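Since the structure comes first, as structure tokens, the remarks are kept for the end.
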């Protein structure tokens with residue numbers, strides 16, 4: 001169980017190169033040429049050969065209409081099939097998108113904490129957040145389109161179409177990023193990683209979505225659910241209907257907000273992410289065990305444990321340690337533990353920033369007996385709150401030009417990102433005592449029984465799929 005290092009080193013080199021050219025928190029110099037409109041596309045956009053006809057629109061069916069549930073096995077198989085067909089340029093484009101998504105994810109993770117959402121823990125999916133922003137970019141016109149591209153840390157030159165992001169290329173690359181995560185190869189008996197993304201477009205009655213916009217979102221995920229319902233008469237009831245719909249369609253035990261929607265909204269854009277991974281070689285320990293929330297408070301939680309060869313190192317200067325646990329051939333779980341619980345905020349600020357991967361060392365794997373809580377993390381946040389914290393409260397507000405979304409400019413209410421992340425022990429039985437091979441070094445005991453940070457990383461594209469902190473395994477984030 002050893003995560004490979006070549007792809008990681010290449011990614012670190014790319015990020016070091018990029019970071020060295022960074023001005024402040026924003027980046028304006030990397031070409032990202034594979035993500036821009038090319039000259040021929042720009043010629044068609046600027047000089048259409050035929051007269052532009054009014055775009056076709058449709059009114060979403062009512063939310064109570066009968067709907068088939070999401071089939072996660074089908075979604076997984078579609079991702080695997082698409083990933084197996086990726087060509088070299090597709091992989092390069094995926095790596096470019098991953099790099100930008102990581103950087104935007106770090107900034108928004110910081111906003112998530114500053115908005116006060118990190119008190120009980122935190123979780124954020126950079127690709128899902130990035131996909132949400134790019135979806136709005138596709139639905140926007142200037143000046144909003146340029147403002148969104150600037151938020152995405154990609155330079156735009158006024159009047160230069162070839163400096164504009166091609167949103168279709170970006171969404172397709174984000175789907176490739178998902179495919180590279182779940183396509184792990186290996187033996188057929190290996191439990192696959194599952195990641196499903198669903199988008200709900202909830203509209204007020206009478207609001208008509210453009211077919212072209214919805215079809216573009218299918219590049220990101222085929223699990224699209226445009227639905228209409230009354231958002232103004234009883235906002236609390238509207239929220240309850242949306243939550244019931246999501247539970248019925250997905251079966252996921254999400255942390256869905258109970259607050260009422262804004263009465264003047266005509267569009268809610270909600271993204272739901274479900275990740276499920278199996279930690280091979282781990283088993284659940286009997287009973288429950290103490291997890292210290294702070295120096296004086298503990299809770300009793302289920303724990304899992306396993307012994308294997310993992311990369312592990314300790315940073316004595318900054319007082320934290322890192323353990324890398326493979327989740328597949330190319331996916332790795334990074335577990336970051338401060339040596340002192342009170343240092344969690346400081347270590348988080350030090351680690352979860354643009355140069356995260358430069359902190360990752362590459363020591364030889366060693367025998368580790370790792371024990372940690374069984375993780376089932378639910379989190380939800382409103383992107384509008386993060387934009388407000390980032391001093392962009394009106395970016396998706398009433399003045400935003402989002403007329404490529406529907407027949408009229410929508411009034412965007414909540415923009416939710418909801419996440420359910422499950423990491424469970426493998427099914428194989430483990431011996432009650434560790435079998436020590438003659439002459440082999442004794443396994444180092446590493447126990448995460450106090451707050452820690454985590455990230456899930458896929459090495460081929462260099463994507464950080466999840467960033468998070470666990471303050472209390474029993475709390476909903």
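Cβ coordinates are placed from backbone N, Cα and C, and glycine is handled just like the others.
Quick caveat, the model's predicted, so the values are computed rather than measured.
With a cut-off of 8 Å between CB atoms and residues at least 6 apart in sequence, the same chain places 161, 162, 164 near residue 42 (disulfide bond), listed in sequence order. The disulfide bond annotation in Swiss-Prot covers 42-161 and rests on experimental evidence.
Sequence annotations record features per position, and here Swiss-Prot assigns N-linked glycosylation site to 38 (among others) based on sequence analysis. Taking Cβ-Cβ distances under 8 Å and a sequence separation of 6 or more, the neighbours of residue 38 (N-linked glycosylation site) in its chain are 162, 166.
Residues annotated as N-linked glycosylation site in Swiss-Prot, with sequence analysis given as evidence: 319 (among others). With a cut-off of 8 Å between CB atoms and residues at least 6 apart in sequence, the same chain places 338, 339, 340, 343, 347 near residue 319 (N-linked glycosylation site), listed in sequence order. Under the DSSP three-state reduction, residue 319 (N-linked glycosylation site) is assigned to coil, being neither helix nor strand.
Feature annotation from Swiss-Prot assigns N-linked glycosylation site to 401 (among others); the stated evidence is sequence analysis. Cβ-based neighbour count (10 Å, all protein chains) for residue 401 (N-linked glycosylation site) stands at 14.
According to Swiss-Prot, the feature signal peptide maps to 1-24.
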